[in-house]
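Novice: My questions will all concern the structure given below.
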Amino acid sequence: WSEVNRCGQNGDFARALKSVNKILQINKDDVTALQCKVVCLIQNGNFKEALGVINTHTKVLTSDVIAFEKAYCEYRLNRIESALKTIQSASQQTDKLKELYGQVLYRLERYDDCLAAYRDLIRNSQDEYEEERKTNLSAVVAAQSTWEKVVPEDLGLREATYELCYNSACALIGQGKLNEAMKKLQKAEELCRQSLSEDSDVTEEDIEAELAIIHGQMAYIMQLQGRTEDALQLYNQIIKLKPTDVGLLAVIANNIITINKDQNVFDSKKKVKLTNAEGVEHKLSKKQLQAIEFNKALLAMYTNQADQCRKLSASLQSQSPEHLLPVLIQAAQLCREKQHAKAVGLLQDFAEQHPANAAEIKLTMAQLKIAQGIVTKACMILRSIEELQHKPGMVSALVTMYSHEEDIDSAIEVFTQAIQWYQQHQASQTRGANPKSPVHLSLIREAANFKLKHGRKKEAISDLEELWKQNPKDVHTLAQLISAYSLVDPEKAKVLSKHLPSSDTMSLKVDVDALENSHGATYVRKKAGKLTGDNQQKEQGQGEVKKKKKKKKGKLPKNYDPKVTPDPERWLPMRERSYYRGRKKGKKKDQIGKGTQGSTTTGSSELDASRTASSPPTSPRPGSGAAVSATSNVIPPRHQKPAGAPATKKKQQQKKKKGAKGGW
């Protein structure tokens with residue numbers, strides 16, 4: 001026993017375990033020895049073996065004796081429900097059990113009970129672990145804000161540690177206060193560096209590993225703010241550090257996949273492997289795990305793995321039958337396979353089984369019908385969503401779609417139903433007083449404008465009269481009413497026009513000169529100042545001089561003959577004149593430069609030196625064939641001057657001169 005005591009105080013639990021086993025060999029049912037053995041196994045991380053010892057000696061190790069150790073082993077083995085039962089079955093709730101109870105409730109995501117447990121612990125405990133309890137309390141508040149969207153209460157905790165700052169930042173992210181959360185994370189990073197740098201044994205790599213979770217939250221805020229490039233860079237930096245926290249790696253990999261979407265699919269497929277690491281399910285909350293599974297299904301769809309996508313979405317639907325996303329993913333996969341009718345049927349079945357989510361599903365069904373070009377059917381689906389019928393956005397969408405289909409009666413019916421809904425709803429709320437809300441009045445005005453646009457003037461007049469009745473000072477509505485009556489009942493229009501304000505009261509205080517001279521004015525008025533007598537005389541004098549100025553006579557050609565009528569086609573190019581007959585081309589010139597490169601137009605027999613007579617070379621005569629001899633002084637055909645070229649050149653010059661003479 002002295003050996004066990006000494007080893008326990010020194011923290012050498014492996015040697016202590018050997019001594020305990022010697023004692024148990026003497027007395028296998030020694031309660032103290034069994035307790036010591038369980039503690040030694042726990043300290044060595046052998047939780048399964050420790051739990052086995054407890055379960056095999058249930059008669060000796062009763063729940064009162066070993067409740068905490070048993071619950072702790074179950075907690076560490078991720079048997080959270082069993083740990084909760086063990087704690088609740090204990091006859092006496094010690095401080096140790098209360099601490100463990102708080103951890104168990106947090107893992108079970110029972111945040112309200114967990115918050116109450118930690119408050120009780122902080123209030124009734126005074127020891128060196130107070131800071132840890134406050135950190136756990138702030139973690140519970142952050143989880144409530146993030147996953148349950150509960151506005152966190154101010155706990156009055158002094159954020160002296162980086163853990164408290166980090167948890168506070170998480171709570172702010174849950175509320176959508178991203179800029180404040182970023183400042184908290186920066187403060188947490190600073191505190192973390194300060195606290196870890198004080199320890200000489202801690203390296204820079206250790207500090208970066210500890211900061212990884214803070215940097216991960218910073219990157220998440222950047223992603224939410226739309227700074228995806230910065231977020232992606234920071235995420236990849238964290239992955240390069242290879243942190244040991246599999247939960248952190250899974251979350252970062254999932255976030256990178258959401259940034260990639262349907263792009264960079266190869267990278268996303270590599271990142272998915274990080275989300276499948278062992279133990280991830282015990283590190284993340286249910287909503288985090290669910291989000292990862294949704295993204296896996298979407299990635300399978302984008303990578304054309306139809307069977308995998310269906311398998312994942314079906315699994316998600318079985319876990320959360322009322323959730324929208326699994327059925328939407330299945331419908332999207334069917335649409336990619338061009339099975340639109342089957343997708344609509346799937347959505348219809350879900351809407352009938354889950355009426356609470358029918359509105360969102362019907363909106364998707366309508367979108368599919370529009371994509372197929374079946375607009376009328378889409379309108380019918382939209383009008384079946386009763387809770388959205390009166391919404392301005394829905395009314396606008398339906399009217400636009402019916403107008404596109406040229407179904408004006410249905411569009412007016414949509415306006416009428418929405419206006420009637422507001423009348424009934426407001427009458428019930430105001431007990432018959434029936435004042436018109438801004439949305440109601442806006443719908444009436446839009447209905448009137450629509451009817452006027454499509455020639456339904458009599459129907460529009462009733463809407464405009466109702467609007468004018470609500471606000472007799474509205475000049476715009478009165479002007480519209482008069483305009484409508486002028487086409488139907490001119491006398492009534494004249495009577496109503498008396499209600500228009502006078503032109504004096506309607507005059508706007510506008511500086512016309514300033515308006516015309518403004519930067520965007522299209523017309524700038526000229527400054528018309530009165531001219532003095534001298535200026536007038538000067539201008540008149542200049543005018544007289546201009547009148548006396550004579551036009552210069554045009555130059556005539558040197559060969560101009562006034563007796564000969566000028567050529568009426570002299571302004572046309574020579575080629576376009578009626579008497580142009582084209583140029584006379586030499587026979588040999590036509591044959592030069594035509595054909596493929598290296599080919600000649602003359603016969604091969606004429607260029608074959610072996611077939612010519614062995615007479616001395618003579619100069620070829622103009623216009624004759626270029627007969628050459630087979631001597632060494634012969635110029636190759638490629639380098640010969642074309643026969644008849646000088647004569648052709650002279651002819652061209654003569655033609656040019658003739659053409660010049662015919663210019664007039």
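Cβ coordinates come from backbone N, Cα and C, glycine included.
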Novice: Have a look at 80-135, 416-471 and point to the one annotated coiled coil in TrEMBL.
Specialist: 80-135
Novice: Going by DSSP, how much of the repeat 'TPR' (212-245) is helix, how much is strand and how much is coil, in residues?
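Specialist: Its residues fall into 26 helix, 0 strand, 8 coil.
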Novice: As a quick check of your reading of DSSP, tell me how many residues in the compositional bias 'Basic and acidic residues' (558-579) are helical, how many are strand and how many are coil.
Specialist: 3 helix, 0 strand, 19 coil
Novice: Limited to the repeat 'TPR' (212-245), I'd like the whole-number average of pLDDT.
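Specialist: Average per-residue pLDDT within the repeat 'TPR' (212-245): 93.
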